[in-house]
Every structure is written in structure tokens, then in C-alpha cells.
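What follows is a set of notes on a single structure, which appears directly below.
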Amino acid sequence: MTPGLLIILSGPSGTGKGTVCDILSKNNPSLVFSISMTTRPPRPEEKEGKNYFFVTEHKFKKMIEEEAFLEWAKVYGYYYGTPRHNVEINLTEGKDVLLEIDTQGAKKVKSNYSKGVFIFLLPPSLQELRRRIEERGTEDPEKIQERFSAASLEILEVEYYNYLTVNDIPERAAQHIRSIIEAEKCRVNRNKGLIDRLRRGELIQCP
């Protein structure tokens, strides 16, 4: 069986990564959204087991010791990580797995999964980015400025990624990402087994 694609989506806080991931997951049943774990408190609209697994710092650190994370990082004072087990099982079963993680985590994943598809989500403008961060209404002005300043620098991390897309309209950004996934599935170096089957006289289909 051909292993699934590992798709990594990153972008500054406020670019709308969660919204785009929701659109991708709803319209593509073969795409598994990997749920991250975090020590930060949930936002009003977030649900346990859907957006994140919310855990204590003590439990998170214990899982670090057990090497239970594919990647983890400390961002804005809170820990975030991707549980390793489910990701590896889904990839082995041929399912595509989508990770929504920060740039620190993406670099760690890239060192272990060089065949991953790394996509960076950009805002249409810095003004719009700040508006989105403020619109959340979950943080004080000092925290908002901290996130905005960090986001402005984080945009420079795009050079470590394979692709970029702009989230001016979430549905359009999601469609761009779908197109990237379809193109990646057709890469020759991902389909050596397909060529072998054709040469053996077997019937093949488009990946």
C-alpha cells in the first residue's frame, strides 16, 4: 500500500489556519486532521477533541519524556504538540494526514519526514492580520501586540516551506491547498510502485 501524504500547514497567528483546516476536513473524508495537544486554555468556540486536546503542563511534560510527540514547541508561554501514534498509523494505512502546527514544530517534522508537503498560509495584509487577532477578543492589548509582532517575523519563515497560499477568502485558500495535494500525489517519485504494476501488466488508476 502506498503511504499517505503528510501535509503540514503553518502560518502566523490570525491567518485563519483553523478555518481553512475545517473546510478541508469537511470536504475531503480521506483527509485525516491530526488534533494537536496544548496546555493553553480553550477559547470560547473551541471543543475538546475537535480543535485540541487540552491537558495540564504536568501531563504534557510527561509525554515529552515518553517521546510521545512527533513534534512539540512552546509558543506564547504554552506547550503545543502532535501526538505521534495516530499520525504514524494513518500514514501507514495510506491516509493523508494534515497537521496544523507552528513553524518551530514544522522544522522538527521536516527533519524526520523530508517527504512531507509543507504549506505556509499568509494573510492578505498585515492590517488584516492585526484586525483578525483583535477580533478574537480573547486577549488584552499587550498580548495582542506580542502576537502581532511575532507574526510579522514569522512570515519570514516561509522560505522553509514548499508552497504558500494567501487566505483572503478561506474557501479559495482551501481549494489552493487541495490542488497542491493532488499535484503532490502525481509526483513520479511517489509512484514508483504504480510504474512497476503497469509493467507487470496490471490495471492502474490515477493516484
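Placed from the backbone N, Cα and C atoms, the Cβ positions cover glycine too.
Feature list (source: TrEMBL):
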BINDING   Gly11, Pro12, Ser13, Gly14, Thr15, Gly16, Lys17, Gly18  ATP binding site
DOMAIN    4-182  domain 'Guanylate kinase-like'
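Structure with TrEMBL features highlighted.
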residue	record	contacts (Cβ under 8 Å, 6+ apart)
Gly11	ATP binding site	Lys17, Phe120, Leu121, Leu122, Pro123, Glu154, Asn167
Pro12	ATP binding site	Pro123, Leu129, Ala150, Ala151, Ser152, Glu154, Ile155
Ser13	ATP binding site	Tyr76, Ile133, Arg147, Ala150, Ala151
Gly14	ATP binding site	Pro123, Leu129, Arg130, Arg132, Ile133, Arg136, Arg147, Phe148, Ala151
Thr15	ATP binding site	Leu121, Leu122, Pro123, Leu129, Arg132, Ala151, Asn167
Gly16	ATP binding site	Leu121, Pro123, Arg132, Asn167, Pro170, Ala173
Gly18	ATP binding site	Asn51, Glu100
Cβ-based neighbourhood (8 Å from the centroid) of the ATP site, residues Gly11, Pro12, Ser13, Gly14, Thr15, Gly16, Lys17, Gly18 excluded: Leu121, Pro123, Arg132, Ala151, Asn167
Cβ neighbour count within 10 Å of Lys17 (ATP binding site): 20
